[in-house]
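What TrEMBL records for this protein:
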- R80, R124, I125, G126, T127: phosphate binding site (BINDING)
- Q203, R205: substrate binding site (BINDING)
- 40-289: domain 'Nucleoside phosphorylase' (DOMAIN)
Amino acid sequence: RENFIRLCNPHLEKMKEDILYHFALGTGTHDFPTLFGDVKFVCVGGSPSRMKAFIAYIAEELGLGSPGCDYPNICAGTDRYAMYKVGPVLSVSHGMGIPSISIMLHELIKLLYHAKCSDITIIRIGTSGGIGLEPGSVVITRQSVDATFKPQLEQVVLGKTVIRSTNLDEQLAKELMQCSKEIGQFNTVIGNTMCTLDFYEGQGRLDGAICLYDEEEKLQYLKNAYESGVRNIEMESSVFAAMCNLSGVKAAVVCVTLLNRLEGDQISSPHDVLVEYQQRPQKLVGYFIKKSLGKV
């Protein structure tokens, strides 16, 4: 049975046209079913250049492109986000932090709904700070937790606090873990991911412009996080999980760790090493898509 996108907004049915402003797309100007109706996999990540590199990578992996082939930015009418497509795969940038990815997801979910897409899998691929893991390890998120280690997103709507679940698809996480074992190229774990509102104080760093705690307090906080099941820290997973849950979309978060936060705060690995680390989530998700399409 096909699983279609679920929209939690009855007001949209009354609109003659839906303008996806931050994508520079609209139902009155674009034929969404023709443009996007065959999409089955959506991969999202912070950087436009990384998502362009991913679409080129997956195109070659699926035999749908050739080296050096250029892929046009579907959202070229705006500088907020970038979007690329090849075959059943859509690659979209989301910027940095909860507000940026939230805006993108509202419009992405509506895009998939208007395109009448079904059986969609959305995966966030990105970078993170690890806790108790060697740099370069890949974390598949079990739950996204807040800075107090609770698996929830706290959001204020019309002046009232709303609590939303941040669980992710357990079966999808297991399938991705199996794919990593089959690849056998890098360490991969399933663990909780802490999603924070800030890169510096919110993640317990000592190197920001403001820091009113000492190193001992920082290390105790990170050790508490590890003991609660947290294996990495980033800034988008909670709203990603919550919105995908509400929309009935199967979702996963796959992030590589650039450093072990128990050993420091600044990312100091050479550029070429970091580039290779950042390719690991792409390789894992690319393999998963190939396997899902029967191309492995």
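A Cβ is built for glycine as well, from the same backbone N, Cα and C atoms used for every other residue.
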By Cα-Cα distance, the member of binding-site residues R80, R124, I125, T127 nearest R205 (substrate binding site): T127
Which same-chain residues, if any, lie at least 6 apart from R80 (phosphate binding site) yet have Cβ under 8 Å of it: H22, F23, G95, I103
Per-residue pLDDT averaged over the domain 'Nucleoside phosphorylase' (40-289), given as an integer: 97
Around the Cβ of Q203 (substrate binding site), the count of other Cβ atoms that are within 10 Å: 23
Alpha-carbon spacing, I125 (phosphate binding site) to Q203 (substrate binding site), which is rounded to whole Å: 20
Site with most surrounding Cβ atoms, counting all protein chains shown within 10 Å, from the binding-site residues R124, R205: R124
Rounded Cα separation (Å) that holds between R124 (phosphate binding site) and Q203 (substrate binding site): 20
Cα distance (Å, whole number) from G126 (phosphate binding site) to Q203 (substrate binding site): 17
Residue, out of the binding-site residues I125, G126, T127, whose Cβ gathers the largest set of other Cβ atoms within 10 Å: I125
